[in-house]
Every structure is written in structure tokens, then in C-alpha cells.
Amino acid sequence: TAWRVLELGGSELDAVERGCGQCEVDQCDGSVGYGGSPDESGETTLDAMIMDGNTMEVGAVADLRRVKNAIGVARKVIEYTKHTLLVGESASLFAVRMGFPYEDLTTQNSLSVYSKWLNQSCQPNYWKNVVPDSSKSCGPYKRPEKATSEEEEETISGRSIRNHDTIGMVVIGASGTVASGTSTNGAIHKIPGRVGDSPIAGAGSYADSTAGGAAATGDGDIMMRFLPSYQAVEYMRMGTDPTVACQKVISRIQKYVPHFFGAVVCANTTGSYGAACNRTPGFTRFHFMVASPLLNQPTEHAVECI
């Protein structure tokens, strides 16, 4: 969809918006758009961002409720405000003022996922160091009167390739103009109000028309701490090959969190591209799509995780 937009004369931002928007409509992997990844209260909320590598403008929304086209709303943040990121109920009100309809983001499927989770004593979840024991019950949780040292170790959240993903896109125009964007419904069973890496500039994606663009997917709570997309673009600015730039970003995170789930795609202004991922059980290869004048049609590529 994004490639067709470019072929028909659309801008790089148009391509990112339409491409990510198509994934919102198609509910890609159940992790993008409506009807997926219910939070702890059973609601689906959306995060998205879009970035113009010419002007360095960013538009983003997080914890967007009852509006399906998150990447479209993010684009309106650039076009009609001097802000960068709008969140929660206020982001939804902005969307309505921009002409987007209120729609229910919950489906029978997301309700079924939520019900099953409740029946499993709310496992897995993202709480730690709370009472009652978050590994055995649904709460409501509160902090203990007195924390014990045994509780300090972070528990495995159960995040994996199967319950968290993002559409991340980098578009390089014929003149070298770069745009990027992301859209996601976030981590499944997240604590309401949680914002991951996807709508954060430099974390979820980053675009700079003097260097290139990158986009990330995976465990956003870990990855956003390292601004992987920004870092990858900076490596490419220094002349690093896109594949190597992606690998260096993944290696950097590995030093602190060896078993995180995550991947990055990178493309520079000459049209070279690459990707890298962190090897974990069940996630040894990362697949991504490429469209270019050198290819007859959009083509799937894969890299071995490191």
C-alpha cells in the first residue's frame, strides 16, 4: 500500500500514513489496530507516530481510545498543532475535532482474550513488588507496607513475539527524503495508561533525510530506554552500513538485557537497508518487507538473530 502511494505520486509521509493505516484496518498480527491487545481493564488503546525527516517534525498519539486510525491522528498532530505528542482521552477529543469518528475498538476476539486471561488469574502481567502476589492473583494491587529484598527481582513478563508487535515503516523517496512511522495496540494485558516505545521519537522510529531512517519492534518498555531508532540513524550518519547499524543497536541493548525480545529495521538515503534482532527461544529469525525500484514486487526478507 505504501509503495503504491509513492508510485502514484504521493509524498513520503503519505506513504507512511497509508501503509501503517492499512495495517490498522487489517489488524496485522492482532497487534496493530483495533480488536487486539486488551489492557488490564479489557480495553484496546492505540499508539502511533509519524516523522518527517526533512523538517524533523513528529506527530504522535498514545493511549488513544475509541478512534481506529491512530497513524492518521498522529499526522494531524503535525499538520494542525505545534505539539509533538498527545495522549489518552484528550488525544481522542483532538481526533474527533479533526473529523475522525468515535468507534468501539473492542471486538469479540479481544473480549475472549481478556476473559481467558482473567480465568488464568491474570497471568502474565506487568506488576512487581506488590500485594497481593501478582504471580497468583488479579489484584487490585498495592505496594506492600514493607518491601522485602526477595521481591526486588523483576519477574518475567511473558512478553514474546506472540503477544507484542508493531508495524514500523521507513520510506526513502526518490530525492532521498526520509519519513518513518509506527502503529500498535501495545503490550497485551498492559497496565492502563502504559505507553511503549512506538509513539516515542527515536525509540519506535526515527527519520532524518541527511542520514536515513529506522523503526523498532518488540519489548517497548526495554527498548525505549535505549532510543534504538535514533541510535541506528546516528550510526548510519557516520557511514555505518544499515545492517551493521541495526546489529550495533541490538548488541548495545543485549549488554544490559540479554534476553529481551526486539528487532530493528534500518535504511539509509542511498536505498541500502538491513535489519537485526535479538535471539531468544522461539525467535531466531526476523522477517521484514522491502519494496524498491530494483524489485518487481514487495518482497519478504529475513535475517538471523544475533
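Each Cβ is built from the backbone N, Cα and C atoms, and glycine gets one as well.
What TrEMBL annotates here:
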- THR166: active site, nucleophile (ACT_SITE)
- ARG194, VAL195, GLY196, ASP197, THR217, GLY218, ASP219, GLY220: substrate binding site (BINDING)
- 137-158: region 'Disordered' (REGION)
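Straight-line distance linking the Cα atoms of GLY220 (substrate binding site) and THR166 (active site, nucleophile), rounded to a whole number, equals 10 Å. Proximity of ASP197 (substrate binding site) to non-local residues of its own chain (separation of 6 or more, Cβ distance below 8 Å) is seen for ALA203, GLY204, ALA216, GLY220, ASP221, MET223, MET224, given in sequence order. Binding residues for substrate (ARG194, VAL195, GLY196, ASP197, THR217, GLY218, ASP219, GLY220) extend across at most 16 Å, taking the greatest CA-CA distance.
Its Cβ taken as reference, ARG194 (substrate binding site) is surrounded by 18 other Cβ atoms within 10 Å in the chains shown. Checking Cα-Cα distances from THR166 (active site, nucleophile) against the binding-site residues (ARG194, VAL195, THR217, GLY218) with a 10 Å cut-off leaves THR217, GLY218, in sequence order.
Around the Cβ of GLY196 (substrate binding site), the number of neighbouring Cβ atoms within 10 Å comes to 24.
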